[in-house]
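K.L.:
Pulled these features from TrEMBL for this protein:
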- 95-510: domain 'Major facilitator superfamily (MFS) profile' (DOMAIN)
- 146-166: transmembrane segment (TRANSMEM)
- 173-191: transmembrane segment (TRANSMEM)
- 197-219: transmembrane segment (TRANSMEM)
- 231-251: transmembrane segment (TRANSMEM)
- 257-278: transmembrane segment (TRANSMEM)
- 340-357: transmembrane segment (TRANSMEM)
- 369-390: transmembrane segment (TRANSMEM)
- 402-423: transmembrane segment (TRANSMEM)
- 429-447: transmembrane segment (TRANSMEM)
- 459-479: transmembrane segment (TRANSMEM)
- 485-505: transmembrane segment (TRANSMEM)
Amino acid sequence: SNHRSKMKFDSILSEINGFGKFQIKLVLIQMLSRITLPCHFLLNNFMAAVPPHYCNIIALDDGDVFGNLTREQKLAVGVPAEQDGTPSSCQMFSKPQYQHLSGSNNSEDAFTVQCQNGWVYDNSTFKSTLATEWDLVCSRKGMNKATATIFFIGVMFGAPLFGFLSDRFGRRPLLLVSYLSSLTFAVLSAFSTSYVMFVILRFFTGMSLAGISIISVVLNVEWFGIEHRTFSGVIISLDWTLGNWILVGIAYNVNQWRLLIVAVTLPLILSIMTWRWLPESARWLLANGKADAAHHYIMQCAKMNNRTKCMATVTPTIETKDKKYTFVDLFKTPNIRKRSICLGIVWYGVAFTYYGLSLNITGFGLNLYLTQFIFASIEMPMKIGVYFFLEKVGRRSGQTGALLLTGLCLFTNMFVATDKWVIRTVVAVLGKSMSEATFTIIFLFTTELYPTVVRQNGLGYTSFLARLGVSISPLIVLLEDVWHLLPAVTYCAVAVGSGLVALLLPETLKARLPQYIEDIEKPRYRGKEDQFGNKVVLNENTTIGFIGTVC
């Protein structure tokens, strides 16, 4: 047909193949940087591990009997035993209790004190961790936990910052900025000389990694055609699984925390080298009036996907008034306001329950590496299932269903006795995989609900709320002092509540990506349709599209 007509970008993308070599190249290059994300986000499980420890009792050496004792005898004489017979981690005797050697356990004259000369750590699993480096144990245990919280607060501030900047200056340049800054701060943090220096650098590492996290998702979704968007969302989330496996492998072989940070950050060097082959988002270029640049990348895509002959005479046309979008635009008009509020609540719930499960499922009767590996392995088959569900049934019901099932698993575990650890493990693993599913779906759902002009701002805002959930999540466990089931009840209630809120959002399966805010606020139709059956929208801001022949 030789209609000279306006065409939507989605139609163009279908013509030049919305999932070809070009898109595969895009995914593979970004995979290099994305596998470092789960490594850093879950790094604390290994880097901040607390090995068994007891007081350094060198001070008890009285220059007489003490020096000739074996290690076991020294411990018996110098460190009180816990109920289970292991030496106490935080207490020591102020004087050697030699009567313990003869089997008598009377410690009348013995009073215990906090460790006076630091600790002795069991370094059979880890050569060095944050806890052993700066003695973050006993009274300073909270400082160890805080390293994770501060990192996530960094991510929390980084998400809206990079979201805003990449909507303003483009996806591609900001991706390079986040690669370079993540690499710099992460490597610097490995050379920290003090706890305070380490925490500050971890904050900035988190901030920079947030950029990689949200920009890469958007760049992928914006280059995939309508039919392949679900696939792109699921493929991206497989990077998380891959990164998880890699983390377990690296952590198993590298048992010093400084080397561990460097090891999981190294893929970023490859990312920086391959960045030059990344395209800018053509949708972003069009929405920002850069038609020629958009045309350049579209032709590049057509060439790689062997569809050039179709595109011979297509030229982009744009007449647009420049408008700068900010976070305020997410709440200005009724439809987008409703989307923003509901998405914010759902994101909070998704992240809150996901990290609640990830950072708190203990008592598996398995070691750290195996637990982490099992979690990572469940994700793979589950994501394939999610893909088919999203394609056939839809996003909204998937989101609600997965959140309600997560809540159900959390609810069930409240009533399973602690000693039945097989059942507990199975239910917890199911809950974890459902919780994974909620994350996979919400990323895709969000990118489809927000128009191109505020898509990054939207993701930045929802990510901010998500990280707020993550920062609070580990602290909920402290509620068990109030009532031992309260943490479980809280996680369960948040999962169910946010699942029900998801029902208020519109379904986006097979819908075209909105370009402008006007596209979701009831547009005025001319009542005409172009050759593709698209309603032609008239609004005061823009006419956008392509004029030309398409095969």
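Positions of Cβ are set from backbone N, Cα and C atoms, glycine also.
Tell me about the setting of these features in this model.
P.N.:
Per-residue confidence over the domain 'Major facilitator superfamily (MFS) profile' (95-510) averages 86 (mean pLDDT, predicted model).
Same-chain residues lying 6 or more positions outside the transmembrane segment (146-166) and placing a CB less than 8 Å from one of its CB atoms are 40-41, 44, 47-48, 130, 174-175, 177-178, 198-199, 202-211, 213-215, 218, 326-327, 359, 456-461, 463-464, 466-468, 470-471, 474-475.
Among residues of the same chain six or more beyond the transmembrane segment (173-191), those with a C-beta under 8 A of the stretch's C-beta atoms are 33, 36, 40, 162, 165-166, 198, 201-202, 204-205, 207-212, 215-216, 219, 258-259, 261-262, 265, 268-269, 271-272, 275, 278.
Within the same chain, residues 26, 30, 33-34, 36-37, 40-41, 130, 146-147, 150-159, 161-163, 166, 171-172, 174-175, 177-179, 181-182, 185-186, 188-189, 236, 278, 281, 443, 447, 455-456, 459-460, 463, 467 sit at least 6 positions outside the transmembrane segment (197-219) and bring their C-beta atoms closer than 8 Å to a C-beta of that stretch.
With a cut-off of 8 Å between Cβ atoms, the residues of this chain six or more beyond the transmembrane segment (231-251) that come close are 19, 23, 27, 30-31, 34-39, 42-43, 46, 216-217, 220-221, 223-224, 260, 263-264, 369, 372-373, 375-377, 379-380, 383-384, 386-387, 390, 436, 439-441, 443-444, 447.
Nonlocal intrachain contacts for the transmembrane segment (257-278), taken as residues 6+ away from its ends with a CB within less than 8 angstroms of a stretch CB, comprise 25-26, 29-30, 32-33, 35-36, 39-40, 43, 46-47, 126, 128-130, 133, 172, 175-176, 179-180, 182-183, 186-187, 189-191, 219, 246-247, 250-251.
Below 8 angstroms of C-beta separation, residues 330-331, 399, 403, 406-407, 410, 428, 431-432, 435-436, 438-439, 442, 445-446, 449, 458, 461-463, 465-470, 472-474, 476, 487, 491, 494-495, 497-499, 501-502, 504-505 of the same chain, each at least six residues beyond the ends of the transmembrane segment (340-357), sit close to that stretch.
Using a Cβ-Cβ cut-off under 8 Å and counting only residues 6 or more beyond its ends in the same chain, the transmembrane segment (402-423) has close neighbours at 346, 349-350, 353, 357, 363-365, 386, 430-431, 434-435, 437-438, 441, 485, 488-489, 491-493, 495-496, 498-499, 502.
Using a Cβ-Cβ cut-off under 8 Å and counting only residues 6 or more beyond its ends in the same chain, the transmembrane segment (429-447) has close neighbours at 217-218, 221-222, 229-230, 232-234, 236-237, 343, 346-347, 350-351, 353-354, 357-358, 361, 374-375, 378-379, 382-383, 385-386, 390, 395-396, 398-399, 402-403, 405-406, 409-410, 413, 455, 458-459, 462, 505, 508, 513.
Same-chain residues lying 6 or more positions outside the transmembrane segment (485-505) and placing a CB less than 8 Å from one of its CB atoms are 338-339, 342-343, 345-346, 348-350, 352-353, 356-357, 360, 396, 399-404, 406-407, 410-411, 413-414, 445, 449, 476-477, 479.
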